[in-house]
Amino acid sequence: MAFETTATIASFGGKLLKLAHNAKSTSCQMKLNLYLPPSASASKPAPVLFYLAGLTCTGDNGAEKGFFQHKASQHGIAIVYPDTSPRGLGIQGEDESYDFGSGAGFYVDATKDPWKHGYRMYTYITEELPHALFEHFKELDGKRVSITGHSMGGHGALTLFLKNPGKYKSVSAFAPITNPTKCPWGEKAFMGYFGEDQKQKWAEHDATELLPKFKGDTDILIDVGTGDNFYKQGQLLPENFEKAAKDSGKKVNVRYQDGYDHSYYFISTFAGDHVDHAAKYLLAQKR
């Protein structure tokens, strides 16, 4: 699958590529950003960290405001910044609200009409995009991959990690929606993408439900700002995830950062810690 490079931008000694490609799973052209550290080459491919963005975002938000590239350059880690949904499918209502449809794919494969025709971000992120990237860019090491994300993307990072043992070396998240079946954002999305009668399907994409069933050890880093209005409103529910971790004996480190909100000021402050967390695992066993 061919990628079109629409821009190449120097960043911390490496280069940020703005890419576009036609994706079968989403039935449209998808845009993304790819950061290649200065050490990456075909003879020395870089491990990869996927960053999944939140509601309303594109692949540009994390690349331009997340401040991940600084530490990624130092560690020799590549970063992939995908989009958050298909775009321009012409589905009635897809652009009517910020928390459903465009910019709000929730990293699931919809099963309900009309959304199942294109809103398949789970397949896109876990299968189609990495396969295409690793085939096209020999500077990337497809055997060493980690994942992180923010808000809806934090939900995506946690659930993709927990649903695919062994696919990702590590996972972390910023202000993730950890218990979507119990919060308004998740209920709206799962109602629309799966249907009210598919509660088992809802649970299959809920990190708090998945964690106790996960086979093996975990080392999950989560940051949440105490000044985050969405945390205060019960959209994120990290306390539910912590309880599930405690009850199941899983290692989860939820850090409550005093006064921080939900924005990229918060993300950029702690981005280095999350790249370091991924580096512990991505660099532990080199090819």
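Just so you know, glycine gets a Cβ as well, placed from its N, Cα and C.
In TrEMBL this protein carries:
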- S151: active site, charge relay system (ACT_SITE)
- D228: active site, charge relay system (ACT_SITE)
- H262: active site, charge relay system (ACT_SITE)
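Structure coloured by features recorded in TrEMBL.
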{"residue": "S151", "record": "active site, charge relay system", "Cβ within 10 Å": "25"}
{"residue": "D228", "record": "active site, charge relay system", "Cβ within 10 Å": "22"}
{"residue": "H262", "record": "active site, charge relay system", "Cβ within 10 Å": "21"}
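A separation of roughly 8 Å, to the nearest angstrom, links the Cα atoms of S151 (active site, charge relay system) and H262 (active site, charge relay system). Residue pair H262 (active site, charge relay system) / D228 (active site, charge relay system) shows a Cα separation of 5 Å.
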